[in-house]
Structures are given as C-alpha cells and as structure tokens.
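These notes concern the structure reproduced below.
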Amino acid sequence: MIRDKVHARSSVLLMNVTRIRWQHVVGAAVLTVVALAATLILQSEPESPVATLVRWMPFILEGFGLNLVMSFLAMLLATLLGVPLGVAQVSRVYLVRTVAKGVTHLFRNTPWLVVLFTVMYVMPMTVDLGLTRVDISDWAKATLAFALPVMGNISEIVRGAIVSVPTGQWDSAQGLALTRRQTMTHIILPQCVKRSLPSWMNWYALLTLATPMAAILGVREAVGSAQAAMEAGGGRPDFLIPFYLFLLCLFFIYIYPIALLTKALEKKHAAS
Amino acid sequence: MQRHEPYGAETASVSADAPIVSIRDVRKFYGSLEVLKGISLDVLKGQVVCIIGPSGSGKSTLIRCINGLSDVQQGSISVAGTEVNDARLDVVALRRKVGIVFQQYNLFPHKTVLENVMLAPRLVLKESRASAEQRAKALIAKVRLTGKEDAYPGELSGGQQQRVAIARSLAMRPEIMLFDEVTAALDPETVKEVLTTIRELAADGMTCILVTHEMGFAREVADHIYFTDGGVIVEHGPPAEVFSNAKDPRTRRFLSQVI
Ligand SMILES: Nc1ncnc2c1ncn2[C@@H]1O[C@H](COP(=O)(O)OP(=O)(O)OP(=O)(O)O)[C@@H](O)[C@H]1O
Ligand SMILES: [Mg+2]
C-alpha cells in the first residue's frame, strides 16, 4: 500500500516533468530514488513481535518437549526413590528410620533452586565408566535436582498413607502369618496407592512448573528457548509480553487439566 | 519362667489330654499400666473356651498374646508345643497354627473374597494357585458364601464379611482358632449366621477360644468359661456352674447386667 502511494506521488512528479526543465527531471529522479529507498527501508523494518513469535514457535515447543521429558524422568526417579524412603521412615530399625527421616526432611525443607545449584556443582561433568566416558548434560543434572525435593515429599506422602491404614489390617495380615515385609508389599502399600494418588499428581504439577528453573543453567527448555529466540530476533523489549504470554498459556494448558483431575480424584476419594 | 510349663521339652503329642494352649502367670504392661496381672488358663485340644468380662478387663490383650500379636513381660504361653514368650520364637510358625478373627473383620478391602481367602496359603504356605483356589472355594462354600467369590469386602454385609474372615483364617489350616468379639459389630439378625458358622467349627473339633458377650451362645457351646475382671481371672468353670452358681461378686454383678 505504501509502495502504491509512493508510485502515485512519483508519477505526479513525472507528469509535472513534461512541463518543466531537465533539471527538474533529474530532481524528480533523485526524489524517486529516495522514495524507493524509503520504501525499501520501510519494507525491512522488523516484523511484528507476534510474527517473530510464530516464526520461533516450533523452537519453543521443542524446548517445551524437554520440560515434559524432564518432568517425566524426574517424577519417575522421585517415585522410585521416594516410595522406599517413605517405607524406611516407618522401619522398626532405629537407624534406618532416622536416616530416612533426615533425608526426607532435608529435601522437603530446602529451596529447589539451592538444590539445583548444589547438584550442578557437586555432580561431575563426565563420568568415567572404565571403557567410555559419559558426559552428564545439564538437563540431566537439572532432572536429578528436581527429583530430589519431590522425592522427599513423596516419601512423606507414603509415610502418611502407611500410618493411615487401619492397624486392623496389620493385625489380620500378621495373624495370617504374613511377615512384616509381605504385609507391607501385599496389604499396606496397595491400599496407599489410592490414598496418595491426588497428592502425587499435585507434586507432578508442581515439579513440571519448576522445570523452567533449568533455564538458569542454560538448558534449552521452553523458557530458555524463548529467551534465545527473543535474543535472535533482535532482543526487542516488545517481544517480552507476547513471548511470556505464550509460555504462560503453554504451561497452563498442560497443567490445568492435571489440576482438575487431581481435584476430581480427591473428591472421589473423600466420597468413598 | 519355664517352671510352670506343664510339659517341658516334650510337645503337644505327649498325651491327648495335655492342654494345647497353656498360659501360666502371664503379666502384661502398657508402660506402667498393668493390663494382665498374672493370668493362667488351659485349653484342651478340641475344647471351646469362652472368655467373658467387662470392657477393659484385658480380654483382647489376652487373646492377642496367644498368637504373639501382643507381647507379654512375664509368664509363659505354650501353644501346641511352642513357647510364645521366648526371644527365639518363630512367630510365623506359631501363627500358622493359630487363626484369629477380629470384631472389625479386617478384610483386605483391595482384594476380592476369593483373593482374601487365597492370599495367606499362597504367600505363606506357598501353595499352587490351583490348589489354593480350590480350597478357598470349598471354604467359602463352608461359610455359605458361594457366589460371592468375586465380590469386594465393601459390597458385603457385616455378617458376610465376618464369615469371609473366618474362611480366610481357616485357609491356613490352623489347629486353634481365636475369636475376639466377632459378633459385637453385627446387627442381631446377622449375629446368628456367624454363630452358626462357629458352632459348626466347634462341632468339627476345632479348638476355639472366644471372647464374647453372647451369653446364650457361650452357655451353649463352651466347655469352659473364664471370667476376667481388671486383668485377672476371677472365676472359671463349666458354663452351668459359672452362669447359675457364680461365687465371685464381680461375676454376679456382670452377669446380672448382661443377661
Ligand atoms: N495399645 C495399648 N496401649 C495402651 N493401653 C492399652 C492398649 N491396648 C489396650 N490397652 C489398655 O489395656 C486394657 C485392656 O484392654 P483390652 O482391649 O484387652 O480390654 P477388653 O477386655 O478387650 O475390652 P473390650 O471389651 O472393650 O474389648 C484397657 O485398660 C486398655 O485401655
Ligand atoms: Mg476387646
């Protein structure tokens, strides 16, 4: 549109040329060149922030994929470590019980960010496996760091669920000559699953929401990718709102259904 | 501690009328609270013994000591040749011989009736699935619950649940059955069906020790009655004697209240 206007203007000038002298023609030509240059400058003006966002969207979504991978792996690890830790908290062996409680409370009561930095600096960059050396990437370290606080909280959920199973279940299982271990694995823990599922899901949601902290370490998850994209697009301040709004929606769309499901399960559990 | 043991190193097979359960001077404390203050009683093989007494007199505690669910601080408890109050006790071996049924049924809510009954034979006796299932079904039939194999405990009435609990205990082929107020949580109609099951069990020759408030039932099935109060046995004897001719004033007062 702008170009049409410029053309119109220059043709008006050219029409005038017929009635004026060659100096005017040169002047008009110069003007035309300036106008065209102006048009070109107008054309290469930075694209709108939204257009930039759309262009970088696949890159950010790829980053979000890493958030999901980190959340799955961290949750898996937190569960695999947290459940035995919770069981150990009710051990009859004083030492086991005390150590398990210590570990649980340590990770429940420290900021995730501090755990993240600690893991970052404590863990080696590479592990020597004899034949091969394995590099531990930053995202793997971050995954471990997110798993630890959640492990502590799952441990506490499991402990709470175990002690909330009526003692009559222990009495009847042991009356049937089951050992303590058999009672735990066949009678008590299966009944804990239903009790602790809503809290477990709640911690999954919190864990997923915490994964962008990995961006601080330079991990290219969604937020880190978005920041890189803004940088690559020229780092204009007007990128900030659309990019962060997009990230907000991205996480919300993923987490909110989980929150709703958690609520529904809680209600169902309370009713039964 | 071993002083009062009636048949020292020898086992239950010594003689037919040696007691299968023999309790001598048992004392039990919860902290500083003495709950059992020197209890002694004997149960012969095939006998039905009822323990009655007011609330808090230590009946549940006593019955739980027999299979090691509660420990005692003093005295000896001999069950089918096993000394219970012994640091080297093989508690699993003891509990294989002694079944227990509780007031609150305590069925495993996440397992079906069939699974409840099959569980211990599979896990503890290492029975094959086929054999455990076959026996479980027979026991479920015995307590008249055929057709309920796949139901969950929550879908059954109290009386039905209690009969499953009895079948579940019997699946371990115990030599002795303990019942702790198993009808106390039931409504009057369902009490009858559970008592019928116990009566049949007693008629089959199972040694039974029951804590009960069902005086009529105790009078009918018991060979011997023990009356507890405040952690001691204040009176015992055959039902006719205890019920019609109670000598101890505490027994008389209790009986006048419940009958
Ligand atoms: N785990 C425990 N800790 C402390 N005290 C206990 C415990 N269990 C039972 N007691 C106490 O021991 C005493 C005997 O309790 P027990 O349950 O054996 O009585 P009971 O004769 O079975 O009573 P009920 O007829 O009400 O069932 C009571 O004073 C009770 O408060
Ligand atoms: Mg009781």
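Yeah, the Cβs are placed from backbone N, Cα and C, and that goes for glycine too.
Model, not experiment: these values are computed from the prediction.
Per TrEMBL, the feature transmembrane segment maps to A:20-42 (among others).
Annotation comment: TrEMBL describes A:63-90 (among others) as transmembrane segment. Listed by sequence, the residues of this chain that lie at least six past the ends of the transmembrane segment (A:63-90) yet keep a Cβ under 8 A from its Cβ atoms are 96-97, 99-101, 103-104, 139, 142-144, 146-148, 150-159, 161-163, 184, 189, 200, 203-204, 207-208, 211-212, 214, 219-226, 250, 254.
According to TrEMBL, the domain 'ABC transmembrane type-1' annotation covers A:64-262.
According to TrEMBL, the feature transmembrane segment maps to A:110-131 (among others). Sequence-distant contacts of the transmembrane segment (A:110-131), counting only residues of its own chain at least 6 positions beyond either end whose CB sits under 8 Å from a CB of the stretch, comprise 138, 141-142, 144-146, 148-149, 210, 213-214, 216-217.
Marked as transmembrane segment by TrEMBL: A:201-219 (among others).
What TrEMBL records for A:239-261 (among others) is transmembrane segment. Non-local neighbours of the transmembrane segment (A:239-261) in the same chain are 49-50, 52-53, 57, 60-61, 64, 68, 201-202, 204-205, 208-209, 212, 222-223, 226, 229-230, 233; each lies 6+ residues outside the stretch with a CB under 8 Å from one of its CB atoms.
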